[in-house]
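**Q** As listed in Swiss-Prot for this protein:
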type	residues	note
ACT_SITE	Cys381	active site, nucleophile
ACT_SITE	His508	active site
ACT_SITE	Glu510	active site
BINDING	Ser13, Lys188, Thr189, Lys190, Pro191, Thr192, Gln193, Lys224	UTP binding site
BINDING	Ser13, Asp148, Ile149, Glu150, Lys188, Thr189, Lys190, Pro191, Thr192, Gln193, Lys224	CTP binding site
BINDING	Ser14, Ile15, Gly16, Lys17, Gly18, Ile19, Asp71, Arg240, Asp241, Val242	ATP binding site
BINDING	Asp71, Glu141	Mg(2+) binding site
REGION	1-267	region 'Amidoligase domain'
Amino acid sequence: MTKYIFVTGGVVSSIGKGIVAASLGRLLKNRGLKVTIQKFDPYINIDPGTMSPYQHGEVYVTDDGAETDLDLGHYERFIDINLNKYSNVTTGKIYSEVLRKERKGEYLGATVQVIPHITDALKEKIKRAASTTDSDVIITEVGGTVGDIESLPFLEALRQMKTDVGSENVMYIHTTLLPYLKAAGEMKTKPTQHSVKELRGLGIQPNMLVIRTEEPVEQGIKNKLAQFCDVNSEAVIESRDVEHLYQIPLNLQAQSMDQIVCDHLKLNAPQADMTEWSAMVDKVMNLRKTTKIALVGKYVELPDAYLSVVEALKHSGYANDTAIDLKWVNANDVTVDNAADLLGDADGIIVPGGFGQRGTEGKIQAIRYARENDVPMLGICLGMQLTCVEFARHVLNMEGANSFELEPSTKYPIIDIMRDQIDIEDMGGTLRLGLYPCKLKPGSKAAMAYNNQEVVQRRHRHRYEFNNKFRPEFEAAGFVFSGVSPDNRLVEIVELKEKKFFVAAQYHPELQSRPNRPEELYTAFVTAAIKNSN
């Protein structure tokens, strides 16, 4: 029988529910259990695909092409699993499906209501996520804060699950903030008490509290919360701020969180062996070298827009016993005149993805600086496309060369819309999304990065591609197309072989990086940057 764990949040948003859920998932997986995890987002968008990065942070893409919340990146990195489209559910997606069924007459004339139709659809998503992965345990995080109007149907669905599958198969974990008032010199439990009261008013009695805090929590505070919130005192778990996120599973294990969960759900599983994870954390805490990487992006005011990129760089740094000193460079600020001032102290330059015209000329100048000064450079998605544009302009002398997306009237459309995208009008969910194969050119830097594999599978999110009519001119000038689709139609990786490392990929390699198994192209780039710093 599948076990269901529901993680809710109270008092404030952005409290770290996703990290708590992911950490618990890692502990249960290391007990030998098969775990999956999902995120419920109460916003009305179908998915975050068309949302501004300033609003939402990065869009995380799964193998099957779902555009999802960035928390899924935490889930995959912590638990080391590949999730699917059932792992992110929004209000918009649920209402869209219910209304589509209503239009088809599938409700047989019934009045369509939040209860039971919306809640049934939500419960079906929970069960489908578990069944498609054949999991022993599914962890479901509900976005937002208890008390939000948007969350009510989700919480009602969670309440009903206890009746549907039995109380012994369901556990509710509530994550709250325990504020410390410096003037009073004490922690305040009232916000947590009121949050739990709100949750109980909706019919959900939490079985465990995870309290987010900056300071150590005395046992007396835990006992008080246990008494007023009606949970066992040992089930009041402290989640204190840490230097590195990957310490959190170890901190939770030290408080027997996973054992309490297993006892509640009657899961007979051996103790979690966290030896390898602990060794990784110890290594992360004691890195001996540092290298500076300049990230040239258009959304640098909100680092979450590049969360997976940053994590992938860190992972590759761990593999090289090196801390990444990340320099955030706003692409809007980069010009041909100041590129050396902004980028001259960087050991490597990464140009990640994005959409739209703003900042693209600055990215092109950053790429030009890297090429002309032989600074290791990695381009991702739009960064790959602009790498091609930069080469066309400044090596092939194609004045005004550009992407058709950015300048439809350009004489040299180096990047063009994909053929199967021409007639598509909707923006959302219509990109080339998900896992696709890439055939590597033997002897190339890309092939060497991937240990001379013939084909790798990586996740994509794009609508435009390299215009193949320009391939002969590029190749004649030494531009290497080192990765292509198996039918040779789509360019996936480009590089300049004579440079230390000048490689750009159309796909998003960062989405498959793990802290104990870094993505190979990122590792090759970071390794080159470290060598460049010596």
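A Cβ is built for glycine as well, from the same backbone N, Cα and C atoms used for every other residue.
Show me how these features fit into the shown structure, please.
**A** Around the Cβ of Cys381 (active site, nucleophile), a 10 Å sphere holds 21 further Cβ atoms from the protein chains shown.
Classification of His508 (active site) by DSSP places it in coil, neither helical nor stranded. With a cut-off of 8 Å between CB atoms and residues at least 6 apart in sequence, the same chain places Val61, Ser308, Gly353, Ile380, Cys381, Arg458, Arg459, His460, Arg461 near His508 (active site), listed in sequence order.
Neighbour list (Glu510 (active site), Cβ cut-off 8 Å, at least 6 residues apart, same chain): Ser308, Val309, Glu311, Ala312, Ile380, Glu519, Tyr522.
All chains included, 20 other C-beta atoms sit within 10 angstroms of the C-beta of Thr189 (UTP binding site).
Annotation for Pro191 (UTP binding site): spatial neighbours Gly10, Val11, Thr176, Leu177, Leu178, Pro179, criterion Cβ-Cβ under 8 Å with sequence separation of six or more.
Around Gly16 (ATP binding site), the same-chain residues at least 6 positions away in sequence with a Cβ under 8 Å from its Cβ are Thr175, Arg212, Ser239.
Under the DSSP three-state reduction, Asp71 (ATP binding site) is assigned to helix. On its own chain, Asp71 (ATP binding site) has Gly18, Ala21, Ala22, Lys39, Tyr60, Glu141, Gly143 as residues at least 6 apart in sequence with a Cβ closer than 8 Å to its own Cβ.
Model confidence over the region 'Amidoligase domain' (1-267) is summarised by a mean pLDDT of 94.
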**Q** For the UTP binding site, please report the maximum Cα-Cα distance among Ser13, Lys188, Thr189, Lys190, Pro191, Thr192, Gln193, Lys224 in Å.
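**A** Maximum Cα-Cα distance: 23 Å.
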**Q** Identify which of the binding-site residues Ser13, Ser14, Thr192, Gln193 has its Cβ surrounded by the largest number of other Cβ atoms within 10 Å, counting every protein chain shown.
**A** Thr192
**Q** How many Å separate the Cα atoms of Thr189 (UTP binding site) and Ser14 (ATP binding site)?
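**A** Cα-Cα, rounded: 19 Å.
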**Q** If you count other C-beta atoms within 10 angstroms, which of the binding-site residues Lys188, Lys224 is the most crowded?
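**A** Answer by Cβ density within 10 Å: Lys224.
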**Q** Drop a 10 Å sphere on every Cβ of the binding-site residues Glu141, Asp241 and tell me which sphere holds the fewest other Cβ atoms.
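**A** Comparing Cβ neighbour counts within 10 Å for the binding-site residues Glu141, Asp241 gives Asp241.
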**Q** Which one of the binding-site residues (Gly18, Ile149, Lys190) has its C-beta surrounded by the most other C-beta atoms within 10 angstroms?
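**A** Within the set of binding-site residues, the most crowded position is Gly18.
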**Q** Rounded to the nearest angstrom, how far is the Cα of Ser13 (UTP binding site) from the Cα of Ile149 (CTP binding site)?
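**A** Checking the Cα atoms of Ile149 (CTP binding site) and Ser13 (UTP binding site) gives a distance of 14 Å.
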**Q** In Å, rounded, how far does the Cα of Lys190 (UTP binding site) sit from the Cα of Ser14 (ATP binding site)?
**A** 19
